[in-house]
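Asker: Before we start, here is the structure in question, set down as structure tokens.
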Amino acid sequence: MKMEGGHAAVLIIFIFCSALLPSEATKRGSGNQYLYVGFYDKTCPLAEQIVADAVSRAFWTNRGNAAGLIRLFFHDCFVNGCDASILLDSTPSGEPVEKESPANGFTLRGLEVIDEIKSELEQECPGIVSCADILAFASREAVVRSGLTHYPVPAGRRDGRSSRAVDVIGNIPGPSLTIDAIAEIFAKKGFTIEEMVVLLGAHSIGVSHCSSFDYRLYNFNSTHSQDPNLNIRHATYLSFVCPPRESLLAQVEGNQAVAFDHPSPNRLDNIFYVHLLHGNALLQSDQAMAYDPRTSKIVTRLAFDLQAWSKEFPKAMIRLGTVDVLTGRKGEIRTTCRAVN
Ligand code: HEM
Ligand SMILES: *[C@@H]1O[C@H](CO)[C@@H](O)[C@H](O)[C@H]1NC(C)=O
């Protein structure tokens, strides 16, 4: 009899704890708000499948869409949280929106993919799926298309009503920032140095335009015209693709897009970290991770352990999706991702 009572008590405590800590829910940001896996199971059961199909189609049309979607997600979440503010073309205030900031400028990709998904979802279940969750699901599908295994994405984000270019400043790191400055930005968003290095492995796919790094080739600083941390052979190749801006060739060719990662420019893998070890990064900020004492060991570990990075990257993406989210009654569910309701 006594034993049974003990069991019952343990069981009750267990149930109580499970209720307090839903295993798949993620508590983040202010208030007691949760994101959870399967958020649309009852209200729009096909939501995640519709996103998956659309991203898959977009990927086979242009693989660059995968990189574009992952970057959109990062740029959304680091400015005012994951609230789809990056997608707004304008807001009632009339101020310049995030899209118009120089950090986003002309280089965002994948916006039409989100439009396509949103219009399909509005047909299927009007007013239910937020643009912020669409970005979270779509970036997951982009990761899967790029070669990593499927992972569950907690949902329940709501869409913000503000988007201001000025808010991008100080939240989206620039490519010439020091590791100190970059780590500070990531820390403000709740990331460890380790997670930061893992997340930057996203630069294993997609492109960078010459304008983001050509200063490393021609006018680095007052003592070095070329960045001494740039591998000489890589520098020769890059100077060929990105001639000096004032040259006739550059004026004919324009601002070229260069793949971050050879030989697997569309595959999420750890070759990016191997490149860092050899001085083959495009961005000064990426290269700096191989030299800074706080990050260099992590870079080396990941360069030698594809398995570890392939596991840690999805986790870091899930965490990215929890930054300052709006849940519950905050925000809204937009009808179109480009405008507030
Ligand atoms: C130190 C932090 C970071 C800096 C300085 C940075 C900077 C940049 C720059 C300069 C570009 C190229 C833009 C262009 O010239 O077209 C780029 C592209 C990209 N970034 Fe980052 N980034 C950072 C972190 C991240 C993170 C955390 C992610 C994702 C988790 C990410 C994902 C991407 C992707 C996928 C692209 C390629 C986009 C495309 O091909 O359309 N970046 N980033
Ligand atoms: C130029 O860059 C190199 C390599 O990063 C550095 O050692 C040097 O101190 C820099 N010079 C100036 C004037 O900042």
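Every residue gets a Cβ built from N, Cα and C, even glycine.
Annotations per TrEMBL:
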SIGNAL    1-25  signal peptide
DOMAIN    34-341  domain 'Plant heme peroxidase family profile'
DISULFID  C44-C125  disulfide bond
SITE      R71  site 'Transition state stabilizer'
ACT_SITE  H75  active site, proton acceptor
BINDING   D76, V79, G81, D83, S85, E98  Ca(2+) 1 binding site
DISULFID  C77-C82  disulfide bond
DISULFID  C131-C337  disulfide bond
BINDING   P173  substrate binding site
BINDING   H203  heme b binding site
DISULFID  C210-C242  disulfide bond
BINDING   D261, D269  Ca(2+) 2 binding site
Asker: Within the set C44, R71, D76, C82, D261, C337, which recorded positions show a CB-to-ligand 1 distance under 6 A?
Answerer: R71
Asker: For the binding-site residues D76, D261, which Cβ has the most other Cβ atoms within 10 Å, all shown protein chains included?
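Answerer: Ranked by Cβ atoms within 10 Å, first place goes to D76.
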Asker: CA-CA, which of the disulfide-bonded residues C44, C210, C337 lies nearest G81 (Ca(2+) 1 binding site)?
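Answerer: When the Cα distances are compared, C337 comes out closest.
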Asker: Given the recorded positions C44, C131, P173, C210, C337, state which is nearest to V79 (Ca(2+) 1 binding site) when distance is taken between Cα atoms.
Answerer: P173
Asker: Whose Cβ lies within 8 Å of the mean position of the Cβ atoms of D76, V79, G81, D83, S85, E98, the Ca(2+) 1 site, other than those residues?
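Answerer: Counting only non-site residues, the set is H75, C77, F78, N80, C82, A84, I86, G160, S163, D167.
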Asker: Quick one: among the recorded positions V79, C125, which has the most Cβ atoms sitting within 10 Å of its own Cβ?
Answerer: V79
Asker: Summarise the model confidence on the domain 'Plant heme peroxidase family profile' (34-341) as a single mean pLDDT, whole number.
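Answerer: For the domain 'Plant heme peroxidase family profile' (34-341), the model's average pLDDT rounds to 97.
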Asker: Give me the CA-CA distance between C242 (disulfide bond) and D261 (Ca(2+) 2 binding site), in Å, as a whole number.
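Answerer: It is 16 Å, counting Cα to Cα.
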Asker: I need the nearest neighbour of C77 (disulfide bond) among the binding-site residues S85, E98, H203, D269, using C-alpha distances.
Answerer: S85
Asker: For D76 (Ca(2+) 1 binding site), which of these recorded positions sit within 10 Å, Cα to Cα: C82, C125, P173, H203, D261, D269?
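Answerer: Among C82, C125, P173, H203, D261, D269, the ones whose Cα sits within 10 Å of that of D76 (Ca(2+) 1 binding site) are C82.
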